[in-house]
Amino acid sequence: MPPKFKRHLNDDDVTGSVKSERRNLLEDDSDEEEDFFLRGPSGPRFGPRNDKIKHVQNQVDEVIDVMQENITKVIERGERLDELQDKSESLSDNATAFSNRSKQLRRQMWWRGCKIKAIMALVAVILLLVIIILIVVKYRT
């Protein structure tokens, strides 16, 4: 609901005002004309007009309720968007970490493959040397 105007003011509301203004604002006495403008007309001749005013006031109240619901929905949507943004940042960070780790693992596997190939080549060279030495020793004797 929209804020209503205060009929009685606190001292904090009127700080800095001239004393006569403060005294007039804080008086409890009000005349009939003031009451007429604050409360509206009353009596039988204002009946249909009063119904229209009530109808318009009801429509205004409905619009206010709808606007409050819309504001609540916008706030909730903003919160969900913030959560979604946090999750997407986290996902992006995880994707970057995964990419870096996969590159590191690829390098490790490449070196492991190189080591295995080097060991197999060394074993093949040793076998060839053993065979050659055996052949040389057999023909010398």
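Each residue, glycine too, has its Cβ placed from N, Cα and C.
Annotated features, as they stand in Swiss-Prot:
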type	residues	note
MOD_RES	SER17	phosphoserine
MOD_RES	SER30	phosphoserine
REGION	1-51	region 'Disordered'
TOPO_DOM	1-115	topological domain 'Cytoplasmic'
TOPO_DOM	137-141	topological domain 'Vesicular'
TRANSMEM	116-136	transmembrane segment
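DSSP labels the residues of the topological domain 'Vesicular' (137-141) in these numbers: 4 helix, 0 strand, 1 coil. In the predicted model, the topological domain 'Cytoplasmic' (1-115) shows an average pLDDT of 79.
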